[in-house]
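Residues or ranges marked as transmembrane segment in TrEMBL: 6-21, 28-45, 85-104, 116-137, 157-179, 188-209, 229-245, 257-277, 283-301, 306-325.
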Amino acid sequence: MIIYVLLLIILSLILYFKNYYKDNDLGYKLNIIIMLLFTILRYDVGYDFMGYYNWATKSTDYLEAYNRIELINKIFLKITWFINYPQVLIILYGIFIIYYLYIAIKENSANKTLSLYVYLGIPMFFLGSLSMMRQYMALSITLYSVKYIKNNNILKYITTICIATLVHKSAIVILPLYFLKKIKFNKFILTFLLGGSFFFDKVLKFLIIKFIPNYSVYVEDHKGSGGEIIYYLVIFLMLATVMLSDRLREQNSDNNIYINAITIGSLVYISLIKYGHAGIRGSIFYLIFYILIIPQMILCFKQYKILNYICYLAMMILFLATIIISTKSDKSAYIPYQIYFLKN
């Protein structure tokens with residue numbers, strides 16, 4: 001637990017001294033470096049960590065996994081086996097996840113540091129990336145591709161999404177966002193979609209089983225709540241999106257892309273919440289746009305400077321709360337945090 005508190009203290013100090021940096025991006029770059037080190041130096045942190053580690057060490061059914069996974073993951077494994085150093089696999093995923101996140105935020109965010117805090121604080125993002133490394137590398141690549149939606153470059157957008165599918169096939173779900181960029185849902189439609197999401201689970205279940213049967217395992221049986229904190233957070237942020245939708249579009253026309261993404265992600269997440277992780281896996285490629293829309297939301301208010309700091313604090317509290325809640329399980333995915341070089 002101490003290491004997570006220390007992480008927040010370091011990030012807070014970087015934030016506190018940001019006005020003293022000659023380079024306006026220095027604080028953001030330092031935060032990125034800290035998060036990268038935290039990601040690549042860990043050992044046995046994250047639900048799926050040991051699964052990846054077993055692949056890297058050729059333990060348990062690694063050949064079956066190798067034949068099943070996508071091309072870029074096979075390349076990563078080949079590199080790891082060639083070097084004969086299992087931590088290389090974790091380092092490769094960590095570098096690519098954080099690099100594409102860094103570029104996407106730098107190119108698109110109204111407040112880069114706040115976007116990074118949102119990524120850190122909302123449980124399904126940074127902490128999720130410590131587990132589902134393949135999917136989160138694909139996620140970072142798809143977030144990076146949003147600039148091609150803004151620039152109307154469909155060829156580069158489709159190419160980038162295709163590359164992301166070579167890391168995790170589920171990245172294909174974000175492809176329709178390009179074609180929805182000019183569709184503007186008014187508040188009534190957005191409210192209707194939010195309300196309908198509470199009853200839409202049977203339709204989504206049918207579509208998943210019909211068109212992507214490989215993922216039907218996630219919706220065939222009820223698997224619990226999938227996390228109450230995330231559930232209520234998704235509802236709250238969707239309500240905020242509805243209320244601020246007109247002001248967001250007036251502020252920046254590109255915000256309509258984020259509004260549509262959040263709407264789709266919320267619809268899928270709320271509809272699939274009863275199937276546990278299906279809600280996260282099915283919606284994460286759209287909900288990741290929280291990290292871009294929340295800074296824009298705050299700019300809608302005159303007291304945006306105060307709201308920025310309130311949001312920083314809220315994200316830090318949410319981050320620690322998630323870690324504490326994880327200790328209630330038989331085995332926490334995040335505690336103890338072990339550094340690879342100092343592991344037991």
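A Cβ is built for glycine as well, from the same backbone N, Cα and C atoms used for every other residue.
Keep in mind the model is a prediction, meaning the values are calculated, not measured.
Looking at which of 6-21, 116-137, 257-277, 306-325 has the most CB pairs under 8 Å to the transmembrane segment (188-209), the answer is the stretch 257-277. Within the chain, the transmembrane segment (116-137) has long-range Cβ neighbours (under 8 A, six or more residues past its boundaries) at 11, 28, 31-32, 35, 39, 42, 45-49, 52, 69-70, 73, 90, 93-94, 96-97, 100-101, 105, 167-168, 170, 227, 229-230, 233, 280-281, 284, 287-288, 290-291, 294-295, 311-312, 314-319, 322-323, 333-334. By number of Cβ pairs under 8 Å, the transmembrane segment (283-301) is matched best by 257-277 from the list 6-21, 85-104, 157-179, 229-245, 257-277. When each of 6-21, 85-104, 229-245, 257-277 is checked for Cβ pairs under 8 Å to the transmembrane segment (157-179), 257-277 comes out on top.
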